[in-house]
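Here's the structure, in C-alpha cells; my notes come after.
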C-alpha cells in the first residue's frame, strides 16, 4: 500500500472520528509496508493518537523514526504536548531537540516551548530558553518576542514582561493583550486602560481577547463612561460579540450599578453560557437582590445551563448582603440537590451567611460537614461567633482549632483577641499574645492592633503601651485605641498627651478620635477641654459632628451639672431628633444632679419613643425615690406590672485558670459541676435565709423574704475574691420608707450573716460600713418604698 493511500485513510479517520482501534490498524499497515520513516504519515499518526489521548503511542511513532532531522516533526509533537497540557513532556522533548545532532529549534519551536514554561509557571526554565533564543538570534522575531512576554506574564513576573514588551522592536496584538492583562492582574487597571488607548493610537485593532480585560478594568475602577463609550463604539462597528466579550460587558455594567443596561446586553446575547449567566447574577448579587438572582437561576436551569461554584457563590453573596435566611436556605438546598461540589469557598460562604442571619446552629452544621485541614473554615467560625456576640464559643472554636493542629493565621488571632477584648479575658489574651510571638506575627499591623485593643479593654494599660510602642507603624486606629485605653482607666492627662503626640506625628484624627477624646474629658470632669476638642473637630479639621459626638458632649455637660446647656443643644439641633441615646444621657445627668423637673420631661420623651422599655420607668422610679415621692414610685411600679415589663437578666463572668465562668441573675446552677460542688453557694444561701427569717428582727413575719447573691457576687466568689453581695426584701406594697426603720443591730446581723457566707471562700471581709444614718463609709444602704424595699450591702475585700 503506497503512502498516499495510507495518508488518505488516516485523514478519513480524523474527519469521521474513527476509533483508536482503526488508527492502530493503519499504524500497523504503515510499519508493515516500511513507511514508518515517512514524515507526513508520522505527523498524521501523532495527531490522531493525541486526538484519542493515546500519548504513549504518539511518542512511539516519533521514536520509531531514525534520526529525525525535520524540525517540523519535533514541532508537531511539541505542539501536541502543550495543547494537551503535557508541559513537562514538552520541555523534555525540547531538551532532546536541543541536544540533537540532526536538527535544531526554529522560530516555531520557541513559542510552543515558552507556552509550556508558562503553563508550569517555571520562570527559571523560561529564562534558560530565553538565553537560547538570544544566542540563536530569534529574539527579534515578533512571535517569539510576544511569546516571551506571555511566558513571563504567566509566571507572575509582570515587570519583566512589561520590560520585554518595551524592548520589542515590533509588536503584535497578542503582546499588547498580554501587557494589558499584566497591568490588570497586577492590580493596575488604570494603566491597563492607558495601554489600551496607546494600542489603538498606534493603529492596532483590538480583538476578542483584548476587550474582556479592558471591560474588567473599567469595572474595577468604576469607569462607567469609558466602558459605555467602548461598548457603543463596538456596536457601531458591527463587532461580533462572543460569549466572553458579552459577559465582560454585562459584568462591567453590573459592577457599576447599571443593572438595566447589564440586563439589556445579557438578553441580546446569543448562546448564553455559564459565564454569561454568572455575570448577570453577579451584578444583581452585588446589589443584594437575591430575589432577582434566584429568578435568573431558575431560567438558567430551564435553559439547561448547569450552575457552577461561581454561580452559587454569587447567590450566597446576594443572600448575605441582605441577611435573607429563606433565600439562603433555598440556595443551600440547590447545592445539595444538584450535587454541586461543596468546595471550601462555598462552605465558608454558607457559614458566613448563616451567622449574618443569626442562625448559629445552621452555621455549626455546615462547619461540621466540612473538611477542616484548612484554616479558612475555622476563621469563619471564630469571626462568626464574635460577630453574633457569642464570645465564649468563639474561644472554644479557637481552642478546638489548636487541638486539631491547624496552624492559625493573622485572621485567627485577630478574631480570638476581639473575643478576649469583649470578655476582658486578660489571661487568655496573654496566652494568645505568646502564640502570636511563636508564629512570628509581631510585624502584622492588624494582629498587633488587635493585641493593643485587647490589653486596653482588659485594663492592662501599661502592657497596651508596650504593644503600641512596638508597632511597626502607628496608624490612626492604634493612636485612637491608646487614647481610649488611658481614658477608660482614669489616666486622662496621659490620654490627652497621646493625642498631642499623634498630632505631632502628622496623623490626622478622625471623628472616632475626637469622640474618644470628648469621652475621656467627660469621665475626667474636664469640661472646658472637652468643649475645646469638640470645637477643634468642627473648626480646624472640618469634621461634621455626628449623633454620637452630640451624645458625648451632652454627657460631658450633664456630668458637670450644666443641664440647661445640654438641653439647649438638644432643642437647638432639630436634626438630632431627640435620639434615644441622647435622651438617656440627659436622664442620667438629671438623676445624678437630682433635677427632677427636667428629668420628668426627658423621661416622658423616652416613654413616647418606646412605651415598653422598663428601664425608663425604673430610672424615673429611682429619681422619685431620691426625692421622697413614694406615691409616684408606687404608681410607676404598678404600671410596670400591668404592662408585664421585665428587665433582661444581667450576666457577669470571671476568668479563673484561663477558663471563663459566666453567671446570670438568679443563677441556680453552674456548668462546671466541680466548681458548683466546691463553692455550694445555693445551699449557703438557703441556710442564711432560714437563719434570718427565724430571728423576728424588724417584724419580719409581715414580709416574704428572698435572699440572693447578686450575679457579680456569684462570679466573684468563683474567682476567689468576694467583692459584692446583695440582700433583698421581696415585694410589699403597704410599707413605705417612713414607716420602716432599720435598727443598727438588724443591719449588723445581715452583715454578719453574709460574712459567714463568705467565710468558706478565699478572701476575708475585713470592713463593711453603712451610710444613710447607720454610719460613715463608702457603702450605701438603698431603701426604695412603695413597691419594693431593698437593702444594698457592698462588701469589700
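From the backbone N, Cα and C atoms, a Cβ is placed for every residue, glycine too.
Outside the repeat 'PPR' (70-104), and at least 6 residues removed from its termini, the chain residues within Cβ reach (under 8 Å) are 39, 42-43, 46-47, 50, 53, 55, 58-59, 62, 112-113, 115-117, 119-120, 122, 125, 129, 132, 136. Feature annotation from TrEMBL assigns repeat 'PPR' to 70-104 (among others).
Per TrEMBL, repeat 'PPR' is recorded for 172-206 (among others). The predicted model assigns the repeat 'PPR' (172-206) a mean pLDDT of 90.
Taking H, G and I as helix, E and B as strand and the rest as coil, DSSP gives the repeat 'PPR' (207-241) the counts 25 helix, 0 strand, 10 coil. Annotation source TrEMBL lists repeat 'PPR' at 207-241 (among others).
Summarising the annotation, TrEMBL assigns repeat 'PPR' to 273-307 (among others). Secondary structure by DSSP for the repeat 'PPR' (273-307): 26 helix, 0 strand, 9 coil.
Taken from TrEMBL, the feature repeat 'PPR' covers 374-408 (among others).
Remote same-chain partners of the repeat 'PPR' (475-509), defined as residues 6 or more beyond its termini with a Cβ less than 8 Å from a stretch Cβ, comprise 445, 448-449, 452-453, 455-457, 459, 461, 464-465, 468, 516-517, 519-521, 523-524, 526, 529, 537, 541. Annotation comment: TrEMBL describes 475-509 (among others) as repeat 'PPR'.
Sorting each residue of the repeat 'PPR' (613-647) by its DSSP state yields 27 helix, 0 strand, 8 coil. Among the features that TrEMBL reports, repeat 'PPR' is placed at 613-647 (among others).
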Long-range Cβ neighbours of the repeat 'PPR' (374-408) (under 8 Å; 6 or more residues past either end): 344, 347-348, 351-352, 354-356, 358, 360, 363-364, 367, 415-416, 418-420, 422-423, 425, 428, 432, 435, 439, 660, 662
Summary of DSSP states over the repeat 'PPR' (374-408), given as helix, strand and coil counts: 26 helix, 0 strand, 9 coil
